[in-house]
Amino acid sequence: MSTVGTQIPGSVEVRPVDTDPQPNTSFLQLAMTALRLTTSAAAAANVTKNSSISDRNNNTVRHRKQYTLDEVSYHDTFGDCWIVLYDRVYDISNFLQVHPGGHDVLMEHAGRDATIAFTGHSQAAIASLQLYEIGELPPHECIYRCIGKLSATIMPD
């Protein structure tokens, strides 16, 4: 007994599968449009996250999303861990389990500025920070990257 093309009481109608080897062109057009929109939206989000332009001297200037210290403080759990280093914000949630010093060291500074604790790390550690960078502090909360003031000499770019 086949239920294909019949109405089963209390359920939805079951219809036979379209066995046409040529897919519907309008469906393909719709799928391609969706793919283009998804790709362009992802590219736009990437540009917005950390876009870069050139200034008057042809130096590359990156524009980063700004997070306040208050916003960072909400991300202080093992599954959602942000820290601030040299006025930049880093999402280190995925790094906690692979940190050579253990996750406890990082969790002590979760949701806060960890610059002092980070001082003394290797150049390799400093270079790896860019993998986790998600933004920066607003200018009125900056301590290390202040225009017109002294700044630390060993800071990640």
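One is the number of the first residue shown, and numbering goes on along the chain from there.
Note: Cβ is positioned from N, Cα and C throughout, glycine not excepted.
Keep in mind the model is a prediction, meaning the values are calculated, not measured.
Summarising the annotation, TrEMBL assigns region 'Disordered' to 1-20. Per TrEMBL, the feature domain 'Cytochrome b5 heme-binding' maps to 64-138.
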Counts of helix, strand and coil residues, the domain 'Cytochrome b5 heme-binding' (64-138), according to DSSP:
26 helix, 19 strand, 30 coil
Mean pLDDT for the domain 'Cytochrome b5 heme-binding' (64-138), as a whole number?
91
